[in-house]
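Copied from TrEMBL, the annotated features are:
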- 1-21: signal peptide (SIGNAL)
- 31-52: transmembrane segment (TRANSMEM)
- 79-97: transmembrane segment (TRANSMEM)
- 117-140: transmembrane segment (TRANSMEM)
- 152-173: transmembrane segment (TRANSMEM)
- 179-198: transmembrane segment (TRANSMEM)
Amino acid sequence: AFFWLVSLLLSSLIWFIAVKASDPRDEPLQKGLLIFGVMFSVLLQEAFRFLYYKLLRKAIEGLVALSEDGCSPISIQQMAYVAGVGFGLMSGAFSMINLLADALGPGTVGIHGDSQLYFLTSAFMTMVLIFLHTFWAILFFHGCEHRRWWEIMVVVVMHLAVSGSTFCNPLYVGSLVPSYLLMAIAAAWAYLLSGGSAQNLRRFLLCKS
């Protein structure tokens, strides 16, 4: 969560400087800066995810050196899961803070002809991002562990695609549907990389040992 906060702080600082240094009356420029800010923030988040992986790798080496049996008490997969949950929950918390700030009022959602589903769709978008960050961390760490750089690039592209789809709003179908499809793909992929199989899933659903 701390690493995600640092990436947000740096990206916000860059965006703030860019906005202050530009003409606020130039709407096309301001929109371009907003798109740049979102894309830059995504890349910075993934860079800090990589830095966090390197830090955890050093921590695991230290744990192995201190352990009696030469094995780490926690696996890289478990660390990836925890790191993903931390990124996701912090991302979701900030999304909800911005949402609640907009809800302070006064006013009624949709009174000027805008969509009345703003808060509902924002909640669904926040939820999918929390799950995606969890799955992305598993895929990202697996790619780093096995030097499969294309997996890392897929995570970055998926993150850019989900963030970029939000520019389709208020056409919420254009952002929610692709995001949930990508979440399903990432979930299945992360499940398989974690050692899951169709047989294990069937036994779990049937409550068999």
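Placed from the backbone N, Cα and C atoms, the Cβ positions cover glycine too.
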- Same-chain residue ranges lying at least 6 outside the transmembrane segment (31-52) that approach it to Cβ under 8 Å: 3-4, 6-8, 10-12, 14-15, 18-19, 22, 83, 87, 136-137, 140, 144, 152, 155-156, 159-160, 163-164, 166-167
- Note on the structure: When counting C-beta pairs under 8 angstroms to the transmembrane segment (152-173), the leading stretch of 79-97, 117-140, 179-198 is 117-140
- Message: Counting only residues 6 or more past its boundaries, what in the same chain has a CB within less than 8 Å of a CB in the signal peptide (1-21)?
- Response: 30, 33, 36-37, 40-41, 44-45, 47-49, 51-52, 86-87, 89-91, 94
- Item | Beyond the flanks of the transmembrane segment (79-97) by at least 6 residues, Cβ under 8 Å | 1, 3-5, 8, 45, 49, 52-53, 56, 60, 122, 125-127, 129-138, 140-142
